[in-house]
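Chemist: Look at Swiss-Prot and you will find 13, 14, 15, 16, 17, 18 tagged as FAD binding site, backed by sequence analysis. If you look up Swiss-Prot, you'll see 273-287 marked as NAD(+) binding site, on the strength of sequence analysis.
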């Protein structure tokens, strides 16, 4: 049966990637269908109840700057907020929030239900309709056919999902949900490179059986941060603490004695797990010299008694999980509500994608999220937004757009995936970005909101707030440049009290603010020097831009040099064997990766600057030098 209505964009999967993809396409005016196996689980947090962190918080701010839902949802559902690296420079500061699972999911579902141009339908997708290497729609499990020229697959861990608890295993997309077997088989028929990855989750614990007095309490920050550029602290629900405890030698002995019962060490699991979120059994083996490992005891919600013990993800048998948990301080009498488990699933080599996240082999088909080898809600949400946006642009007959590495962390993420691929679940860190000083959390809106408005992603309310903020920044920058202090000024004593050496000549507030010992708020607290503006986010931008002006200019110069050839296109059917001077090894790597641009080619392991020069010379001789949009 063919559904009576044609769509512009179909999104398959309602997790963090799928919801952002569907919302983005709908905001751009596309008639959009979100297809999910269960409408009740839209926006569900399948693993840890938290959003943000180092690198991840930057992605959330970028999603927000482009009009996405994640930041506003966590502002409404966050029960503890912290700024990580707060004592370090602004480039690596990151926001993290503990979430109430129910409140977060409700916020996402409300956003979906109120979005114009978006319809939701509950059915699993079993097949893709592909004609002449072009996707034209999908087929559901009951044979219902939906038509659309753009399809975005955001299927998480559901493709061929296999859940492991000890040496027992069963098919599942996550605990309590069936896997997607038919779609996994269909995708394996298409010309994509496919492999398996693994992720895991810890057992959940009943808070009523835990002795918190034996643990270290961890409170949130005051004042409470917000994630969204449109957010305010009053959006937050009640704030509650987390707790910290540790494993010990008894815990480690239990694990070592039972490693033979682990599916990872028993050879049952073949998929590679996340390097930066290893299971507790993996930690004990890899870090055998450590006598304890930290566990963050995280509440799952204001109305839930379940706890998430972050740090003891495991797939050991349930009886061993009980021993592990009850060996830990504070958990001696703990009751496990849900067992921990590992899940293996299919992912597809992201080098088979264009930077738009459209597949290279099937026109109009886009992938986003864990299907591309990433791990994490934030990585998924960022990809989903870009894929949904580019799926919409495809329908509109417009050029795709993906931010460059110097424009956004999502640009770094997508460039890494599509250029280098991944052999393990990919997680974002600030260390992955070359231009961290420019890619801060605090300026994500300045970097991306204008482009989002141009693309149709940013609504009038956000656009007005952005313009008001930019006006404050411009006026305050001019004010501190035009306000001068001389050594006979009435408040000179107050100014000198802030300085390491007294002022001996006239200086503007801008010059004073560039001194490392001077903070903007301290300077503004002096009578007669304070600003008329109250927008703290805007005033923070004034301080950062003034203090780091020299570094920012130098980094921008580096970017401008890099961009000379970054966007130079390598033709789709380019024959690298015809380029004289390229080694067989370089040719093989270029053929395997099929980079879209010179910039991508330069980041492939083993591709030397000399090889890049040879490519540029050849392109120039052949009259093929041109830049992408």
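Yeah, the Cβs are placed from backbone N, Cα and C, and that goes for glycine too.
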Chemist: To which of the binding-site residues 17, 277, 285 does the lowest count of other Cβ atoms within 10 Å belong?
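Modeler: Among the binding-site residues 17, 277, 285, the sparsest Cβ neighbourhood within 10 Å belongs to 285.
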Chemist: Starting from the Cβ of residue 279 (NAD(+) binding site), draw a 10 Å sphere and report how many other Cβ atoms land inside it.
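Modeler: So the Cβ neighbour count for residue 279 (NAD(+) binding site) comes to 26.
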Chemist: I'd like the Cβ neighbour count for residue 15 (FAD binding site), meaning other Cβ atoms within 10 Å of its Cβ, all protein chains included.
Modeler: 29
Chemist: Given a 10 Å Cβ-Cβ cut-off, pick out the one of the binding-site residues 16, 275, 283 that has the most other Cβ atoms nearby.
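Modeler: Answer returned by the neighbour count: 16.
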Chemist: By a simple count of other Cβ atoms within 10 Å, which of 13, 14, 18, 273, the binding-site residues in the record, is least packed?
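Modeler: Fewest other Cβ atoms within 10 Å, among the binding-site residues 13, 14, 18, 273, is found for 273.
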Chemist: To test your reading of the FAD site: which residues beyond 13, 14, 15, 16, 17, 18, same chain only, put their Cβ within 8 Å of the Cβ centroid of those residues?
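Modeler: Surrounding the site, in chain order, are 11, 19, 20, 21, 36, 154, 155, 156, 369, 380, 384.
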Chemist: Sort the binding-site residues 13, 14, 17, 18 by C-alpha distance from residue 279 (NAD(+) binding site) and give me just the closest.
Modeler: 17
Chemist: Going by C-alpha positions, which of the binding-site residues (13, 14, 17) is nearest residue 283 (NAD(+) binding site)?
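Modeler: If we rank 13, 14, 17 by Cα distance to residue 283 (NAD(+) binding site), first place goes to 17.
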Chemist: Roughly how many Å separate the Cα of residue 14 (FAD binding site) from that of residue 285 (NAD(+) binding site), to the nearest whole number?
Modeler: 36
Chemist: So what sits near residue 281 (NAD(+) binding site) in its own chain, CB-to-CB under 8 Å and at least six residues off in sequence?
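Modeler: Those within reach of residue 281 (NAD(+) binding site), by Cβ under 8 Å and sequence separation of 6 or more, are 255, 259, 262, 264, 265, 314, 315, 316.
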